[in-house]
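Working notes, beginning with the structure itself.
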Amino acid sequence: MARHGAGTPFLLQLSLLLLLCPGGTLGCASVAVGSPVVPLGSAVTATCTIQSELCHGLEQGKVRISWMLDNKPVAGSQRQGPGGTEVSNLTLPRFNRTQARLWCCVEWNGTKQRVGMAEIRAGYPPAKPLNLSCVLDLSDYGLTCQWEQGADSHLPTTVTLKCAGSRAPAVTGCTPQGGHSRCTVPRPLLQLYREMEIWVSVTNALGTAESEHLCIDPMDVAKLNPPTLQSIQSIPFQTDCVALAWDVAQGTEHMELQCELRYRAPKDPAWSLVSGIVGRAGTAQRCGFLFGTQYHFQMRCRRNSASAYWSEWSPGRNYTTHEKAPTGKLDTWWGARPARAGGWLEVQLRWKAPRWYEANGRVLGYRVTLGPRRRGRDPPTVCNTTHTHCNFSAPAGTRRVYLSVYNAAGESAATEVILLERKGQPLAGLWAVPRDSSSLRVHWEAPPAPVAAYVLEWQRVTTEPGHCSTCWQMERDRAATTALILYGIEPFQQYNISLYPLYKDAVGMPVHTTAYSQQKAPSQAPKLHLRRISKSEAELCWEPLPVEMQNGFITSYTIFWANSIADVASATVNPSLSSFVIRGLKPSTLYKVHVMASTAAGGTNGTSLTLVTTVLDDTEIQFLFLTLGLVFLLLILLLICFQKNERMKEQLWPSVPDPANSSLGKWVPA
């Protein structure tokens, strides 16, 4: 039995090999489909014909035919065909796969065996290529064309670039490789200086599509090599004009060109463009440049044709225009007070550096004098510095000083600084809100009197005093009621902000406010200290947080306390307070206490403080000691009274006779 069981699988395998071997299936089954390539979503028909006498192992018995689409069974109909064949027809109403194998199967020894197969592909007709464009490379005169492919057809597709001359038939110019949508037509297939027709043809089993036909002269779409800037110089001297000389690229000397020049300074947001430069080579002149400023120049050219392509921009060339004495007035701000030594005035003068378009070069320094410059007489100089601030002493009664800036080309006209007194009307209100984490927007209410300008100051609040000499700005818009602070603002830092109105003959008294550009939870919480404790109360105190640790405006302190059985309680304290009394505690109980400091952005817990309430209050302890003292005093008084009163002593301590002195003691023998 064992040998028989072992031989049965072998016979099945042998029969299967005979059925599936080339000699067994050749002519045994055939699968025919209506079309091997169909539109996606359309119907598919197929027929499977089985010739039993050619299928080894199927000569006897009824043949049962079934279908499988890849690995999924599908149902067909079966009938008997001519010549003893078995025929099965299959219709798939919607074929939604881009590629699949349709198998014809027969049942043999209880299993389905695949005896025939047809491969079916589905997709769409090719889509029309879009945006065809071509560029002629003058190095090898090859015409490179590129386009945008349409939607994927899901079918094998042939793409060719066709071209035709005015008197020549259409030929295949090139075929893209590697799935790219670009290729290059070689020079022998091109007709230069003549119009050609170029288009893209896409073909698959379901049809052909063509792009729009492009009619061009290949030379009109030539992309030239960029020109070369040879020299740049200022002409004439002491003007804002420069002249540039350039050469065209090699091989384009015979062409009529159209060129463009662009330039920009490092601080310019965009390029300045000069167009309409026509010629083969030469010079160009342009005015309106700033003095003492470095510019970056580039140039490009194309054939003088509307359809021609621009060359790449030439390698850049830097040029710095010549300097000129600075121009414009400087924004100034000052403070003045009488010196301790009589007869002098201490002045703190600050100013803003000239704008880069007014500096006309590199600023070398600033000069402060007590009078204006006149021919043949230089006023006394009280300050000559490279900084934008200066402290100096001036004779009492000085009301004007003069500030100028100079570079290598000369000195500017002096800015007159009038040291007005600070006695004007202050503003009605001032407040500041964050704009982002590095800037603040300040708002104020305009005063009723006309204002010439405003001076806005801000200082970072620190534990150690400091002063920022550049943290100020002048607002010259008289109607303004808001300003932006964009310099020197950091998140999580407190700033004092002051605003001074400048009137015609005085400086208004300042108004102040404080602000943060961004807040977060404090870096730490205050450390608690126990000031006093009783059986039901505990008074706590703490030091205010340093301003550097606050990270925002402290909105509250929250005190938490809990005993050993986890009875937790809390209380919120006003941020202006630095102490708190916890009431309602249990006598002789251990408590853990901590404080949380909070800002609008969150809170931070401090370390825990352990305390134990007393058994008695101070008054109870005092009463107890007083009671004990009174009792002790009463005892002493009683003792003294007993000592002085003989009758009471006789009652409490009666006199007992000595037996040795009795009469009996005298006659008893020794």
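Glycine too: its Cβ is placed from the backbone N, Cα and C atoms.
Annotated features, as they stand in TrEMBL:
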- 9-105: domain 'Ig-like' (DOMAIN)
- 426-521: domain 'Fibronectin type-III' (DOMAIN)
- 522-618: domain 'Fibronectin type-III' (DOMAIN)
- 1-27: signal peptide (SIGNAL)
- 623-642: transmembrane segment (TRANSMEM)
Residues in the domain 'Fibronectin type-III' (426-521) grouped by DSSP into helix, strand and remaining coil: 0 helix, 44 strand, 52 coil
Confidence summary for the domain 'Ig-like' (9-105), mean pLDDT rounded: 78
Helix-strand-coil residue split for the domain 'Fibronectin type-III' (522-618), DSSP-based: 5 helix, 47 strand, 45 coil
